[in-house]
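Annotated features in TrEMBL:
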type: SIGNAL; residues: 1-15; note: signal peptide
type: COILED; residues: 55-82; note: coiled coil
type: DOMAIN; residues: 144-321; note: domain 'Peptidase M12A'
type: BINDING; residues: His242, His246, His252; note: Zn(2+) binding site
type: ACT_SITE; residues: Glu243; note: active site
Amino acid sequence: MRVVLLLFLTITVGAQVFDSLEPTIEGATNEDGKEGNLHNGFDIELDAVDTKKFLERLHDMEDEINNELSLSEEQNAELMKKMEDYVEIKKDHVEPMGDTIEEINHNNNVDTALFQGDMILTKEQTKEAIEDIKENEGSRRKRQAFRDENYPKTLWPNGSQWKASIAIIPQMCSAQAARRVFRKATVLWSLDTCINFKESSRAADRITVIAGTGCYSFVGRTGGVQILSLGKGCEMVGIAAHEIGHALGFFHTQSRHDRDQFITLYKQNFLPGWLSQFTKQTKHTNYNYNLTYDYGSIMHYGATVSVMSRMLQRKITVKDF
């Protein structure tokens with residue numbers, strides 16, 4: 001049986017969510033890290049305020065997170081040997097605002113005000129993330145198995161109506177482009193999953209796609225109206241598909257509880273403030289249906305996410321099997 005998500009697509013004029021954030025020029029750096037962004041914007045979304053508070057708490061838990069990502073001497077030696085085989089990467093840019101979600105949100109100065117660069121979390125999800133850090137660090141007992149506090153309410157139920165209205169700021173992006181990439185992205189999800197997307201004019205739970213500052217989404221069904229932003233620079237099918245993945249309930253692939261079996265994070269190459277964004281989930285909050293790690297997933301960061309480092313250095317390496 002296929003899950004049917006009904007869409008209602010309209011074009012209206014909406015206000016930016018991040019009203020106080022101004023886009024920066026291409027290639028601009030964010031030397032202040034997350035500290036400069038956490039006190040900006042988020043005038044509309046209450047859950048965005050919870051996300052901001054959560055990121056501040058993550059910063060306070062830097063020692064615990066650093067311990068979680070620390071390597072043994074043997075692991076570090078193995079990583080150093082592997083890093084010798086990688087060459088410096090020269091990266092060209094096609095789009096002025098950036099070619100990836102990470103670059104676009106960084107140049108819009110919102111990346112470090114969102115969890116892992118492009119997610120808004122509910123208060124319940126921030127609590128679960130904190131518990132995951134404590135459990136992975138070994139400072140608390142294992143919990144009974146569950147995905148999150150509100151599961152399965154965070155799933156889109158079979159046959160539910162998913163109403164998506166696209167609110168467009170004309171000067172920020174093309175209404176036609178946003179509609180086109182959003183619809184194409186839903187087709188991609190339908191081709192590879194048991195999810196159907198159909199347009200509908202009625203739904204209590206719905207996603208409003210806005211032209212906010214950057215590309216971001218909630219994770220899973222939050223109930224009622226929830227936003228998904230495809231702002232300036234985000235009008236690409238791959239980006240729309242990625243954000244739809246978050247709305248369906250997916251976190252980033254590199255947050256899987258078993259990620260350390262497949263990749264190694266080279267924390268020395270991360271900018272201050274970014275290391276805390278690479279926490280992982282536990283078996284209790286991350287169920288993968290016995291599917292192996294997908295290096296090519298639409299939900300995976302690239303190995304050289306440039307905005308997280310002062311140089312285009314490799315931050316994620318693949319383990320040999």
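Cβ from N, Cα, C; glycine included.
For the recorded positions Glu243, His246, the largest tally of other C-beta atoms within 10 A is found at Glu243.
Sequence-distant neighbours of His252 (Zn(2+) binding site): residues of the same chain at least 6 apart with a C-beta under 8 Å from its C-beta are Gln116, Met299, His300, Tyr301. A simple way to gauge crowding: the CB of His242 (Zn(2+) binding site) has 23 other CB atoms within 10 angstroms, across all the protein chains here. Report note: the Zn(2+) site is defined by His242, His246, His252, and the residues of the same chain whose CB lies within 8 Å of the CB centroid of those residues, excluding them, are Ile101, Asp118, Met119, Ser217, Glu243, Gly245, Phe250, Phe251, Ile298, Met299. Annotation note: His252 (Zn(2+) binding site) sits in a coil segment as assigned by DSSP. The average pLDDT computed for the coiled coil (55-82) is 72.
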